[in-house]
Amino acid sequence: MDFLFSLLIAGVSVGSAYALVAIGLNMTFWTTRTLNFGQGSLMMLCAMLTAFFASQGVWLALAAVSGLAVVGLLGIFIERFAVRPALKTEGSMGWMVATLGFGTLLQGIAAKYFGSQAVAFPEVVFSASDTVTIFGQPAALQYLVIFVLAVGLVALLELFLGKTIWGQVIRAVSFDQELGRVQGMPVGAIILLSFVASSVLAGVAGMLIAQIGGTVDPAFGFDLVLLGFVSAVLGGMGSSVGALVGGIVVGVLSKLVGGYISTAAEHGIAFALLMVMLAVRPQGLFARPEAVKV
Amino acid sequence: MRRVRSHLSRLVRHPLAQAALVLVLAAISPLLSDGSVQILCFVLVGIIFAQSINILTGIAGQISLGHAGFFGIGAYGAGILAKSYGLEFYLTIPIASALSAAAAYLLSFPAGRVREVYLAMMTLGFGMIFFEVVREWNDLTGGTMGLPGVPSASLRTLTALGRPVGVATYFVILLLATTLFLIIMNNITRSRIGRALFAIHHSEIAAGSLGISRSGARQLAYTLSGAAAGLAGGFYAHLVGYLGPDSFNLHRSIEVLVVAIVGGLGSIPGQIISATIFTFLPEKLQVFAEYQFIVYGLILTFSLLVMPRGIAGLLLDPPRFIRSAPRTRAGRGDGPPVPLRPVAARAPGGVVLSADGVTMRFGGLTALDDVSLALAPGRITALVGPNGSGKSTFVNVVSGLYRPSVGRVTFEGRDITGKPDFEIARAGLIRTFQDPRLVPNFTVRENLMLGAHRLMRGSGLAAALALPSATDEEANVLKRVEAVLRLIDLEAVADQPLESLPYGYRRLTDVGRVLLAEPTAILLDEPAAGLAEPEMERLSKLIRDMRGMGISVLLIDHHMDFLSDLVDDVIVLDSGRVIYHGSMAGMRQDKTVVAAYLGAEETVDA
């Protein structure tokens, strides 16, 4: 029973981390219907830079903020140079390849200048040994923090999108950019901001996950972003609640499979879930199917 | 630059030059060191692998981010068969290719349900699952330790029929296989099969309207691509002798995508050049290996913007999609171009196509409300009505894009309600769209050839080997294309890519393409929209010719002047209902029609 419980706690926690990644992917999907295939490299870079600054003796909070600032700026770069030009061409091939390429580029640069070895990640917010007791079971504090953060973020985003005028503007932009522009909405700025927000969120998720694992290496974000995809697709692209539920399902399922069947199958089961979900219900659990215009 | 390009293209595409290249390579290989020959072998494996993604992504337009999986199935398939079952490489490689083709065929079913970014994720997922399985299935694949001891040409452990096969011999065999593969691929891309793959790449709905089965075409593209990747993987296995999971991870998938994009998606010679460069560079340039990720990243980020057609677009003329043999045969001028045949429609009770009580609801909106009409052979019926009255919806229902909520559509006495669009097109009921949906990089002639797709019966084998039967069939269609070109008066621009031509020409090509399908009934959705006066006259003559051939025509349009001296009957739709059915003159008098167009006078009680 204790074993099951600890698996569930761990599953919910990593699932919340996947949900953060998925929400980051969703943000650009809302405005441009694009996903940043290089999101994993932003997670890696933010964690890597924080660790690097900290190792140079920079005050920890400042190191973390600097890391976030860099990936935020890269978000602008990605929108401006990888996505915006590609959106002018037909089909999705252009931006998929360009964002994938930019992620590969960042990974290559990180490997070149920080080496391909794992780097120890400093204790930014809390210590790995901090625990709290839930239902009489000890659970790592950092697990709880990620979960609370993910739930809080989803609640905020739901309120923002549903209740505020800017939320409606974002929905309008995602529906028809041209119409938004004609109505005087700052479409360009909204799109740019969505990429910055998406990148910063990737950075935050990267730091939190690096904190749990304790280390970060150039290939660090890669599996995470794939699992973020799985979570986003499972919940339905663009849905915040879907991302949270999808993330937790993926997290719990892979931990259960890892705990009771084989740790080797942990990731495989998530990818299998992705393929089945795409084949059976591509719109996910929480989104409505898109109407196809003939 | 343009002249250099055209000379270079002619040289690259000249069969003698190609044969000379192969012979020279075969002749010099025994003189080279084993190391050099081994690199040449890697080049050939790279070429086949790059063509594999070219088939799927470049030609059929289906992105794949997990292509290393197919390559790996081929490599591990060949490796395991050779190592555990003692089969020799002339058996293991074809079996490996077949295994990979089978896997790709199976993947095409779930993949066929998704598009674009979802397809990218699904293929990514496939690649990751393959990688995880290989890494964890220790008993079969050796897991992370890999699979050593596969009979290998480089390690001098490869034998066939009891005799050793050195790397030089292996190279010659691989060279032959590559040559054969490229010939087949070249033939297929310039056959009805290849053109159909390009058609689904550009517009799946338009392809369906020509009688091309989307799912069939996609399954074929996956299977061919899988077979090619498996072939490359099989040869790779017997070249290196050791297989480890890291050779088949996502980086391999990204790498082959880089090669294909740099070479130029859709171009066969472009892939050959690109695969050669990307195999030699890391071997010869240590610096390149060090910066590999950075270089690949930069290429992927910017190449589609800076060089959308890759090396091929830079150095070579764009490829063409009709072989020259049938063209010379068709153009040899044995007799005048074949006249277009009159159609003999089965019209029980004088009706070719009938809709009975068709109602179409979208959620709460009723777009068509109990619409009935009948088309007779050799008559032109106009379907008019204000915007949003349901005209296009009606065409979409009849042509099989929508399944009606209520009602029945009968064509030549057969119930076709709810049948898929491509089956309806194959039966001889052809439609056009409000915007011409043609393949932009095809010439006028090639686009017209697509029209005849539903009539062409040649087998895939005949197309792949360019057998005389395939050449004959293409030549016959080309003669009819010539006749249609004359009819639409576009002979002068027949061999120009469509994207370089003005809108009116595209529209005429679109309508001409319908004629090549030899349909019994035609649905034309606003063919005159955006046409200039002389083009409109040409179109109206073309539609009369169609009537002359005995075809039933349903014509949607707004220009009453255009319609008035052309059509035999008029049907007026308003808010999804038929409000008038009769002659053109009668329509102008009809109060309901006038009210629908101009608004009714309100009677006000004083």
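Here the Cβ of each residue, glycine as well, is placed from N, Cα and C on the backbone.
Whatever TrEMBL says is automated annotation, not expert-curated.
The annotation transmembrane segment is assigned in TrEMBL to B:12-31 (among others).
Taken from TrEMBL, the feature transmembrane segment covers B:37-56 (among others). Remote same-chain partners of the transmembrane segment (B:37-56), defined as residues 6 or more beyond its termini with a Cβ less than 8 Å from a stretch Cβ, comprise 25, 29, 62, 64, 67, 70-71, 153-154, 167-168, 170-171, 174-175, 177-178, 181-182, 185, 197, 221-222, 224-226, 228-229, 231-233, 235-236, 239, 256-257, 259-260, 263, 265-268, 271-272, 274-276, 278-280, 283.
Here TrEMBL flags B:63-83 (among others) as transmembrane segment. When Cβ-Cβ distances below 8 Å are used as the criterion, the transmembrane segment (B:63-83) is approached by residues 49, 52-53, 56-57, 89, 91-93, 95-97, 99-100, 103-104, 116, 119-121, 123-131, 134, 140-141, 147, 149-151, 225-226, 229-234, 236-238, 243, 247-254, 256-257 of the same chain, each at least six residues removed from its ends.
Look at TrEMBL and you will find B:89-110 (among others) tagged as transmembrane segment.
Annotation source TrEMBL lists transmembrane segment at B:117-134 (among others). Only residues 6 or more beyond the boundaries of the transmembrane segment (B:117-134), in the same chain, are considered here, and those with a CB under 8 A from a CB of the stretch are 62-69, 72-73, 76, 107, 110-111, 141, 143, 245, 248-250, 253.
Summarising the annotation, TrEMBL assigns transmembrane segment to B:167-185 (among others).
Under the heading transmembrane segment, TrEMBL lists B:220-244 (among others).
Annotation source TrEMBL lists transmembrane segment at B:256-281 (among others). Outside the transmembrane segment (B:256-281), and at least 6 residues removed from its termini, the chain residues within Cβ reach (under 8 Å) are 12-13, 39, 42-43, 46-47, 49-54, 57-59, 64-65, 67-68, 71, 182, 185-186, 189, 198, 288, 296, 299-300, 303-304, 307, 309-313, 315-316, 318-319, 441.
What TrEMBL lists as transmembrane segment is B:293-316 (among others). For the transmembrane segment (B:293-316), the list of distant contacts is 5, 8-9, 12, 254-255, 257-258, 261-267, 269-270, 273-274: same-chain residues at least six beyond its ends, Cβ to Cβ under 8 Å.
TrEMBL lists B:353-600 with the feature domain 'ABC transporter'.
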Residue numbers, six or more beyond the limits of the transmembrane segment (B:12-31), whose CB comes under 8 Å of its CB atoms: 37, 40, 168, 171-172, 175, 179, 269, 316
